[in-house]
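**Student:** From TrEMBL, here are the annotated features:
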type     : residues  : note
TRANSMEM : A:12-35   : transmembrane segment
TRANSMEM : A:55-77   : transmembrane segment
TRANSMEM : A:89-106  : transmembrane segment
TRANSMEM : A:112-131 : transmembrane segment
TRANSMEM : A:143-163 : transmembrane segment
TRANSMEM : A:204-223 : transmembrane segment
TRANSMEM : A:251-272 : transmembrane segment
TRANSMEM : A:278-297 : transmembrane segment
TRANSMEM : A:304-326 : transmembrane segment
TRANSMEM : A:332-351 : transmembrane segment
Amino acid sequence: MSQAKVPAWVNMALIPMLNILLAFLVSGLLILAIGENPVEAAGYLIYGAFGYDEGVGYTLYYATNLIFTGLAVSVAFKGGLFNIGGEGQAYIGGLGVGLICLSLDHTMPFYVIAPLAIIGAAVFGAAWAYIPAYLQARRGSHIVITTIMFNFIASSLMVYLIVNWLKEDGRMAPNSRTFEENAWLPYLHEILSPLGIEIGDSPLNLAFIWALLCCVFVWGLVWHTRWGYQLRTLGTNPTAARYAGIDTAKVTIWAMLISGGLAGFVGLNEIMGVNHSLLLNFTAGYGFAGIAVALMGRNHPIGIILAAMLFGALYQGGAELAFEIPTITPEIVVVIQGLVILFSGALEHMFKDRIEGFFIRRAVA
Amino acid sequence: MTKKTMPYAIELRDISKRFGAVQANKDICLHVAKGTIHGIIGENGAGKSTLMSIIYGFYEADTGHIEVDGQRVDIRNSEGAIQAGIGMVHQHFMLVETFSVLENVMLGAEGGALLKNGIGAARIELQRLAQEYSLDIDVDAIVEDLPVGLQQRVEILKALYRGARILILDEPTGVLTPQEADHLFRILHALKEQGVTVLLITHKLREIMASTDNVSVMRQGEMVAHRETAHTTKEELAELMVGKKVRLTVNKDEANPSQVLLSAKHLSQFDSQGVKRLKDVSLELRAGEILGIAGVSGNGQSELLNVLSGITLMDEGEIDFAGQVINAKAPKDAAQMRDLKMAHVPEDRHKMGLVTGFEAYEAAILGYHNSDAYNGKVLMNRKAMLDECNTRMADWDVRPPNPHLKTANFSGGNQQKIVIAREVEQNPDVLLIGQPTRGVDIGAIENIHEQIVKLRDAGKAILLVSVELDEIMALSDRILVMFDGAVVGELDAKDADERTLGLMMANAFNEEQSGGQTASAEATGAHV
C-alpha cells in the first residue's frame, strides 16, 4: 500500500513549469497595472536574455555565479544543513582570489595564477564556512543563525580590509589596483575567436566552464562516492546515520567546507573574470539567489544549471526590459524576480497535491 | 454469521480501493452486528488499515459504500466519521502529551472561543461517561504522566465524548502489558454491554479468540472468511490468514551454549535530561544461544541495544567483546563495533535501520558502505551493489525484487527482510536483534525465526529484544526481563510462561508472591 507512482516528469518538469508560468501571469497583471503591455514586456525580456549573442553571454555570465551558489546550497542541503551564508562565503572567496592575483600578477604567468586562484577561492570560502560548521557540529549552534551572522561579519571585514589595506593609494574609490592582464580569466569570446567562432563581447569567461565542471564534480561526489552516501544518509535520516557508525560531526563539517568552497568560486567569475580588481559588494545577492536556484533545481546539478539559466535570463532580460520601457523600473524587475522565487520556491507545493492526485487517479482509471 | 434479525451497526458493501497497481481492498463486504465485538484479522499488507482508513474517512473508496444503522453515509473526512458515530483509537495515540486528560478530550470540541463554559460541561460529561463505562481516570492528570494503558483510555473517552457508538481500535495491545491488555478487554466488554459496537483490528490470534464475538479474516485485500469466534480455532484463523498451514512454534533443538562471546558488566546510561535509563545491567552472550530480553516497550531495551551496538556511549560499566574492553574511557562507535563482527537489527527500521528515501540497493549497504566490496578507488561500485542486492532479494524472497524501488515503498515485512538480510549476511559473531517481526506478516515471521535459529546453530550469539511474549518464549533459550532500565529477572525459557513473564514485566512478581497469591511454581528460577 505504498503511495502510487507519479510519473517522474511531473515532479521534475511539469510542476516547476506551472509555477513559473503562474509567476509570469502575476507579473503580467502587475505590468498591466502600471499601464504597459505585458506581452510586449515579455518580448523584450526574452529577446534581451536570448535574442542575440551578447544577451546570451550576459545570461550565462549571471548564471555562472548562480550555479556556484546553487551548488553550494545543495551540497549542504543534501546533508540536512541550510547554508544561508553563501553570500559571505562568496565574498571571502573573492578575497582569496584577489590576494592571490594581487601578490602574483607581477611575477607569475597565468597558468600558475589560475590554479592558485581556484585554490584560494575554495580555501577562503571553506574557511568562512568552517566556523559555523564547527559551531553546529561540536557546539550545537544553529547553522542558519550563524551563517546569516557571518554574512554581516564578512561584509564588515571586507570594507575594513579594502578601505584600510587594499585600496589603491591616492584614489577615492574603494577598489584595489587593477590586476595585470596575466591574472585575468580570459573571456570566452576571446578564446573562441581564434577558432573561427565569433560570439558577441560579453563578460562570459572561463569561470563558466569551471562552473560546469563543478556540476560534474558535485554529481559524482554526492551520488557516487561513499562520502556522498554518508552525506545523503545524514541528510535524510540522522538516526540511521548514527546507527551506521557515520561520524556525523565530521560529515557536517566537510559538507559545509565543500559548500563554502563552491560559493567562494563566485570570486573567480567576478574578481578574476570581470572586474579584475578587488572591490566592495561584488556578490550582489548571488549567495541568497543561490538558495532559490537550489530549491528550484531540486538540489540536483542538472536542475541547478537550468534554474541558474532562468535566473540569469531574468537578470539580463530584466535589465533590457527596464532599458526599453522606462516606466518599468529596475525595481519592478526585482519584483518579477521575487515573484518567480515566491512561486517556485516558497509556494512550490501549492499545486503539488492536486496535480499528483490527478495523475494517481489517471493511473488508477 | 449472527442472526439475520439483528440490526447492523455498520455495513460495508463492495468497497474497493486501488493505489496505483496495488489493489488494497477488493469488493469488501462486512456486516457488523450492533453491540458486538468484531475482530478483523489479517497479515500486514492484507488491507486492514486501508479499510479502516476508508471507514474513518482518511481515504475515499473507489467503489462501494458504507451504511451505518441501515442508512447510507458518505464519509469524506474524520468529522464525517464522527458525525456518523464512528470513533477511532489509533495504534499511536493522537494525544497532546502536555495537556491534561480533560483538555485532550475537549480538543476539537471546545464549545466556543472561550474555554470557560466548555470546560465545565466537558467535566460533567466526562464524569458521566467514566461512570457509565467504568473508565476511571483522573481528568486533571497530565497525559504524559499517565501509563500507556491509561493514555489509551483517554483515547477511548475522546471517541465516546464525541458520541461514538462504533469504536475502531487499531492494534490496541501493541504497547500494553498483558495485564493492561486484559484490563482493556474488560473495558471493551463493558462498552459492549452498553450497546457500543467495537471493531478490533489485530494480528494477535489470542486476543481475537479471547474477546470477540465474530471475526473476519482479510487476505491480500480481500475478505476471505467470516466466523463466529465460538465456532473457530486459532489454527483455522491462522490458516485462513496466510492461506496455508503455519506453525505457531519455532522448530529448534536444545541450545548448546559454549564460550562467552560478549559480556556486559554493570552498564548504566543517562539520557540528556540526566534520567538514568539503563541501570546496572550485566549480561553474557554465549555462542550458540539466543538470549531473549522481555519487557514492556520503553523499559530500557532500546538503550541497551544502543549501548551494546556502540550507537550511544555508556556512562558506567564496560563491555568485553572480541578481546577488547569497551567503556566510557575507551569507547567504540557503531562502525567499530561492526568491524569487530557485531551486527545489529534495530528495533525501528524506519527511524534507524533504513533510509526510506534511498533506493533498496543503497539502503541494503547501510553501515557497510565503507566496505571494499562496494567501493572502487574513488567512486562506489554501483554494479557490485546492485548484483548483491539482486542476489539477496532472491535468497530472502523480498518482494517486489526490484533494487531500484524506494525503500519506503516496500511493505513492512519486506523492509525488515532487507535489514535482516543485510545484517545476517555479514556473518557476524554477535547479532543484536530488536523486534524482528514487528509489523511483519506471519509467512515472513516464520522465515525470520528460522534464520535466527540457523544463526544460533552456526555458533553465533544472539540477543533478541521483543515485546511479543510469544516470540520471546518461542525463540529464546534464556530470558532476561527488564523493567525501568534494570534486569529484574532471569529464567530458563523452559520455565517461562506468559503469566510469570507478564508479572515480571510489570515488576509485580514479588508483590504477588508475598501477597500470598500462587505464582506458578516454574518461576523459581527468577531472582529479582
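Just so it is clear, glycine is given a Cβ too, placed from its N, Cα and C backbone atoms.
The model shown is predicted, which means the values in this text are computed figures rather than measured ones.
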**Student:** Among A:251-272, A:304-326, A:332-351, which stretch has the highest count of C-beta pairs below 8 Å with the transmembrane segment (A:204-223)?
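**Tutor:** Comparing A:251-272, A:304-326, A:332-351: A:251-272 has the most Cβ pairs near the transmembrane segment (A:204-223).
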**Student:** With a cut-off of 8 Å between Cβ atoms, can you find at least three pairs linking the transmembrane segment (A:89-106) to the transmembrane segment (A:332-351)? Only pairs 6 or more residues apart in sequence count.
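**Tutor:** These two segments do not touch.
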**Student:** Any contact between the transmembrane segment (A:278-297) and the transmembrane segment (A:112-131), i.e. 3 or more CB pairs below 8 Å with pairs at least 6 residues apart?
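**Tutor:** Contact absent: fewer than 3 Cβ pairs fall under 8 Å.
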**Student:** Quick check: do the transmembrane segment (A:112-131) and the transmembrane segment (A:251-272) share at least 3 Cβ pairs under 8 Å, counting only pairs 6+ apart in sequence?
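**Tutor:** Since 3 or more Cβ pairs under 8 Å link them, the transmembrane segment (A:112-131) and the transmembrane segment (A:251-272) do come into contact.
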**Student:** Which one of these stretches, A:55-77, A:143-163, A:304-326, A:332-351, has the most C-beta pairs shorter than 8 Å to the transmembrane segment (A:251-272)?
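**Tutor:** That would be A:55-77.
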**Student:** Ranking A:143-163, A:304-326, A:332-351 by Cβ pairs under 8 Å to the transmembrane segment (A:55-77), which is first?
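**Tutor:** Checked against A:143-163, A:304-326, A:332-351; highest Cβ contact count belongs to A:304-326.
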**Student:** Looking only at residues six or more beyond either end of the transmembrane segment (A:332-351), which have a C-beta under 8 A from one in the stretch?
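**Tutor:** Contacts with the transmembrane segment (A:332-351): 15-16, 18-20, 22-24, 26-27, 30-31, 34, 289, 291-292, 295-296, 310-311, 314-315, 318-319, 321-322.
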**Student:** Take the transmembrane segment (A:304-326) and find every residue of the same chain, 6 or more past its ends, with a Cβ under 8 Å from one of its Cβ atoms.
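**Tutor:** Apart from its flanks, the transmembrane segment (A:304-326) reaches 20, 36, 40-41, 44-50, 55, 58-64, 66-67, 70-71, 74, 212, 215, 289, 292-294, 296-297, 332-334, 336-337, 340.
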